[in-house]
Amino acid sequence: TIDKRNVELEVTGPDSYTVSKDGDELFKGKVGQLESHGDISMLVSEIHADEGTSFTVTKLNNLQAIRSVLSNLTVADKGKDTGVLGLEYLGEDPEQISKVLNQIVNNYLLQNVERKSAQAEKSLEFLRTQLPAVRSKLDEAEDKLNTFRRQNESVDLSLEAKSALDSSVSVQSQLNELTFREAEVSQLFTKDHPTYRALLEKRKTLEGEQAQLNKKIAGMPQTQQEILRLTRDVQSGQEIYMQLLNRQQELGISKASTVGDVRIIDGAQTANSPVAPKKLLIIAASLIFGLFVSVGLVLLKALLHHGIENPDQLEELGMNVYASVPLSDWQRKKDTEALARRGSKVKTDPHETLLALGNPTDLSIEAIRSLRTSLHFAMMEAKNNILMITGASPGIGKTFICANLATLVAKAGQRVLFIDGDMRRGYTHELLGADNKSGLSNVLSGKTEFSPALIQQGVYGFDFLPRGQVPPNPSELLMHRRMGELLEWASKNYDLVLIDTPPILAVTDASIIGKLAGTSLMVARFEANTTKEVDVSFKRFAQNGIEIKGVILNAVVRKAANAYGYGYDYYAYDYGKTNKS
């Protein structure tokens, strides 16, 4: 059999549609007409869709429909002990919400009336079964009394006997009424219910009174006892029979005019504006949540990443800090502009990219000048004039330090060769606007001799050897004998050979070059590198027999607590005016 709970309805016209299942057409329909096909019946009242629009029609079973309604329905007391219930229903269609709520209330009202009518019907059915038996017993009691009177015509009851008879008849009538009442109550409650227990207590009291009367009657003459018993049976039987007839009549009237004890105070009313989602509350909650998340992320980052914030942290590990270079706003702006035009063929203006030329009085350049002076004395005892600048990780400003240091040393009248030793990701040629067709990789592979590969940078004042084409084996090329020959030749022909290398924690290139360099320095970025990274880098070089002379702390940011975060003052001189930072 085909599962017909899900069918596709396709609009074929302004007032027509087609119903299909799994691509098989089941039937065609018209708006406003009840269409039936097998066990599927469908009534489409209106169509508000273009021709060709398809809908998936799903029939929910009773349990799914009930759960769907209950998930959006809320029923609660309107105040304590008021007996008033309030109903709320959530939905997207105000008209549909009103219909659902009104239908629920009307059904509840109808069920209340039907339940009361059913209770009356049960009581009537009980009375209909009891009346014939009660009538039969009454007739039998009357026959016995008449027979006894005919046989004993002279028997008369004393006043005491008449009083006992009246009391006995009254008690017996009440007991009989209790019996019928218990039969009705037992259909509604258990014996532990207060109503049922009250009936049992009353029966116990009446039975006690009846026992006292029976004891009193037992002291009378036998003939009076018999006439009293027979008369009591007739009178109590008559009362019971009349009570049952009256009760039957009352229940018949009650059933015919049953009115529930539930009243609808107000009909369903929809809100003027949606109750959900509460946009202002959501926006406020989102802002607060976003604020907490942001603060949490900042705190988490601070807890997990303890970047270097002061040269003292490095000196505590026994490392010499050669310079602390402040973060240059000018350079940061130019780097952003250069990144935007990266890959374009527009020729780079040196004064727009290199801080030493574009803004020579910048505090960062003053710090690098101080580094130049420190290196002059540090390299006097080195085995050669080759300086390697390395770092623990990428993106820390090694190339920035190298390019500006090479410019400053060259401006001081020395011959400088700047080598981009990062044959993997080096980009110094882009910074300097130089050609990269031939470079270090070409020299080491033997494709180019030393001198032809060099690029003379007249504006910067130094010669430059770019990385060249990216080779498949950079580390192996660096270990080639031509690397040693290149540096030996450069050391003889230049006052300073400056090599920018890849990060030591990423690749081993720096440890290969470091064995050929007379002096090696490491760059660490303020708040980016951790003391652990720098320490691990130092140990990795030491394992390869390379001594790192010291550290250059780059991109130091001014802070209220520690000025620039280092213990040095820099002065910028401009036309005789001194500005201290």
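One-based numbering along the chain as shown.
Placement of Cβ uses the backbone N, Cα and C atoms for every residue, glycine included.
In TrEMBL, annotation is done automatically, which means it is predicted and not curated.
The coiled coil annotation in TrEMBL covers 110-158. Annotated domain 'Tyrosine-protein kinase G-rich' per TrEMBL: 222-302, in sequence order. The domain 'AAA' feature in TrEMBL is assigned to 389-508. The transmembrane segment feature in TrEMBL is assigned to 280-300.
Summarised as a single figure, the pLDDT of the coiled coil (110-158) averages 76.
According to DSSP, the domain 'AAA' (389-508) comprises 46 helix, 20 strand, 54 coil.
Broken down by DSSP into helix, strand and coil, the domain 'Tyrosine-protein kinase G-rich' (222-302) contains 59 helix, 0 strand, 22 coil.
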